[in-house]
């Protein structure tokens, strides 16, 4: 029993280390939308430099392609796409040799002349976030109007819109429009709880990219003040699985011990039954006398 408990503890510890050793994918410039021909740098930021993270992507034409082989130039833990094109639109992520992956980023290369620059990573609740609507021509910062989930939400003479002290209600699908130039693609802005960190990603390979016009926004989650990992984190199901395995191991061990105890009791009962079956009247006593032979 003691050995099983120790094994369970070691297993849970290794699982916790496995799921917390994650990388974070960052994009420079900090935007999810780019013009055709822009230069983009994607970096896998990590605590353990020996983890061996690889940058991969899914596009409308490719699946799980690797930076340095099928696209981009690999530079240490960064991937440089010096001339991004429409076919580079897709889902990007960092992947370890051991299996875990980083957060996933959906990059959109606009075919038009207007883009909306918005943060790549989720915005912390209570922080300020600035959206920039810009054109490919000069000057790039022109008067623009902004929409959230298809509803007009504001306008600015320089193409900027700042959302102060963001909350969960600010989470949604944003786009902008510049008169005479057109409309930008839509980008989803995620707001995370102030008391939690960005949930670690799952190890399931990301889906192939879909066009921005048909992409569905991620489901909204309810706010929580817990300091434990969010329900979307893979840590919870992994720990539940580990706990289940430990319980199964303890149950099997208990069954073995009970079986041994029952067998021992059955043997003792059988022996007692043999002794009790012997009757005293069935016992005969014989007297034997030994005489010495005369010399």
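Cβ coordinates are placed from backbone N, Cα and C, and glycine is handled just like the others.
Checking TrEMBL for transmembrane segment across the ranges 211-234, 235-258 points to 235-258.
Per-class residue totals from DSSP over the domain 'Ig-like' (100-192), listed helix then strand then coil: 3 helix, 49 strand, 41 coil.
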